[in-house]
Amino acid sequence: LELDEKTLTITLNDAGESVTLTSEQATEGQKLFVANCTKCHLQGKTKTNNNVSLGLGDLAKAEPPRDNLLALIDYLEHPTSYDGEDDLSELHPNVSRPDIYPELRNLTEDDVYNVAAYMLVAPRLDERWGGTIYF
């Protein structure tokens, strides 16, 4: 992916600070997302719960909000339910449980960073990202 700085600048944290990715980070994140996440999250939709997508609006309404890079990294390490009440580490793939999710065993910290970063860039690349699922 060859993207401009505006497209590659994403929100870093809850304080609203931003970070600008490299095209290489976005490309690597996309590859890893496709390889590891699209089984349930094709185009940012959620196969197991059509009411919650990976669109920025839905991520912002999660508890805690997941619409920034550090919050998404936290989710990929320690997933919780949308309302933040339940630990989903045994139900949702994550890097903290390689005993349950061996397919994620070899992901590095940089890989997790790039996947989370791609999830924040993706809505700018595909207007259908996180959209409605039609049957």
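Backbone N, Cα and C define each Cβ position, glycine as well.
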Which candidate from H78, H92 does Swiss-Prot annotate alongside C37, C40, H41 at the heme c binding site? H92
In the structure shown, which of the binding-site residues C37, C40 has the fewest Cβ neighbours within 10 Å? C40
Are there residues of the same chain, six or more positions away from H41 (heme c binding site), whose CB falls under 8 angstroms from its CB, and which are they? F33, K47, L54
Neighbour tally for H92 (heme c binding site), based on other Cβ positions within 10 Å of its Cβ: 18
